[in-house]
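Written below as C-alpha cells is the structure these notes are about.
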Amino acid sequence: MILCTLFLIIFCLCKLVFLKRESCCYMLAYECYKAPDDRKLDTETSAKIVFRNKNLGIEEYKFLLQTMVSSGIGEGTYVPRNIISGQVDSSTLKVSITEMDDLIFDTLDRLFAKTGISPSEIDILVVNVSLFSPAPSLAARVVNRYKMRSNVKTFNLSGMGCSASVVSIDLVQHLFKSHKNAFAVVVSTESIGPNWYQGKEKSMMLSNCLFRSGGCSMLFTNNSALKRQAIFRLKHLVRTHLGSKDESYGCCTQTVDDLGYKGFLLTKSLKKSAAEALTLNLRVLAPKVLPVSELIRYVYVSLREKKTKNTSIQEMGAGLNLKTGVDHLCIHPGGRAIIDEVGKSLGLSNYDLEPTRMALHRFGNTSAGGLWYVLAYMEAKQRLKKGNKILMISLGAGFKCNNCVWEVMRDLDDVNVWKDSIDQYPPETTVNPFIEKYSWINEEYLSFVRFH
C-alpha cells in the first residue's frame, strides 16, 4: 500500500510537471514595423492636413494645434500615404488593403528570415486589426501569401482596441494547452488610412493627433526544447473587462458625428474607466508577482480603496511598489496624459517611464502594436537582462485593461526598429519645436491629451 501510494504521488507530480511544461508560452522573436520616410508626418505637415479640413473654424484650429504640440509626439511618426496626399475622401478598399499588406508582410518576412522558421511550420495564426475587417479576412491573406498548411488554425480579431496584442497572446497560450510543440504567429496593427476623421468634434479629432502607422509580428512556441532560443517566457496574464458598465463601454468608441463623418470618440470618462480597469486588474495580478511584504501593503490598500470607492488615477496605486516584483514596466504609449498619470499613481521614476515616453515621441500611438515599440526601446538600450521581469500594461476600448508579465530568458541587445534613432534618445527635450511658430495657440482649451 505504501509503495502504491508513493507511486501514485510520483505519477501525479510528474503529470503536473509535464502539463506545466506543455502550457509554457515562449516568445522566440518579434519584428516592429517602420514605414518608409515618404510617409513621415512632422508637425508642419500635420498642420497642412488640419488646414485642409474646411469644416473647421478658428476654435477647432486652435484646439487641434494646441493638442499636436503638447501631445508628446515627435517629428518622425508615420501615416498612410493617402492622408499625406489629401486623398482621405477617396480612401478605397484597395488603399486600405495595401496599407495592411505593406505592414503585415514586411514584419512577417523579417520575422521568418530572422528565426529560420518556415511559414509552413506555423500551427496557429492570430491577426488583430480593430477598425478594418475585409472578407476574406486579413488572416486568410497571410495564409494565401505564405502558402501555409491547410490545417493551420487562424483567428482574425477586430474591435479589440489598443490592448488587442495581449488578448491575442492570451488566446495563443490557451490554444497551446491542446497543441503540443506548436508554433504560433501573432500580428498586431491598426488601420489608419480609412479612419482619418474629417469632422469638427473635438473629442473625435484627438485620434488624428495621437494615432500613427505601426504594428508588430511575433513568433511563439510551447516547445520546451526551444527554450534556449527564446527571448521571453510568459509568466502571468490577467484580463479585465468593464463592458457591462455603460460609461466604460462608451468612453472610447467608433461612431459617426452629426455631419455624418466617421471617427473615434474619446470622452471625459476615459480617465475614470482606465483607472478603474487598471485598479481591478492589479488586484488580481499584483499578488502573483509581489513579495509577501508588499502583499500585506497591497491588502491594506485594497481594503482602503474598497472603503473609499476611490477610482482616481492618482490614488489607484497608492502604497504599491510594483518594482519589488518586476524590474521593468512596459506601458501602452496611448498618450502623454495617460503615461504621466499611470506613472504618478504607481510611483514610477522618469527612468521607468522613459521607454514609453520615447516610443510615443518616436512612433506615436500605434494602437495594439504600441507595447512592442516600448519593449524594443528597452532592448535597444540593453536594459533587459536574463531573469528580469517585465510588466506590460495595456488599455483599450471596451473598456479593457489587459496586463501580463514576461521573464527575460537571456541578455538582449537587438536594436530592432530603433536601429536608425536609438543613439538620439532620449533627446534633451521633447518639446515640439513647432510651438514657437504657432505661439498663438497657447491659450487654455479643452484637451484630453494633458489632464490638469
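Placed from the backbone N, Cα and C atoms, the Cβ positions cover glycine too.
Feature list (source: TrEMBL):
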- C162: active site (ACT_SITE)
- H241: active site (ACT_SITE)
- H328: active site (ACT_SITE)
- H332: active site (ACT_SITE)
- H361: active site (ACT_SITE)
- N365: active site (ACT_SITE)
- 18-304: domain 'FAE' (DOMAIN)
- 325-407: domain 'Beta-ketoacyl-[acyl-carrier-protein] synthase III C-terminal' (DOMAIN)
- 1-19: signal peptide (SIGNAL)
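Features recorded in TrEMBL, as mapped to the structure shown.
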residue: C162; record: active site; Cβ contacts under 8 Å, 6 or more apart: H332, G334, N365, S367, A368, G370, S394, L395, G396, A397
residue: H241; record: active site; Cβ contacts under 8 Å, 6 or more apart: G398, F399, K400
residue: H328; record: active site; Cβ contacts under 8 Å, 6 or more apart: D352, P355, M378, R383, L384, N388, K389, I390, L391
residue: H361; record: active site; Cβ contacts under 8 Å, 6 or more apart: G72, I73, G74, Y425, P427, T430
Tell me the Cβ neighbour count for H332 (active site), meaning other Cβ atoms within 10 Å of its Cβ, over all protein chains shown.
30
Can you break down the domain 'Beta-ketoacyl-[acyl-carrier-protein] synthase III C-terminal' (325-407) into helix, strand and coil residue counts using DSSP?
38 helix, 21 strand, 24 coil
Please compute the mean pLDDT of the model over the domain 'FAE' (18-304).
90
Within 10 Å of the Cβ of N365 (active site), how many other Cβ atoms can be counted across all chains shown?
25
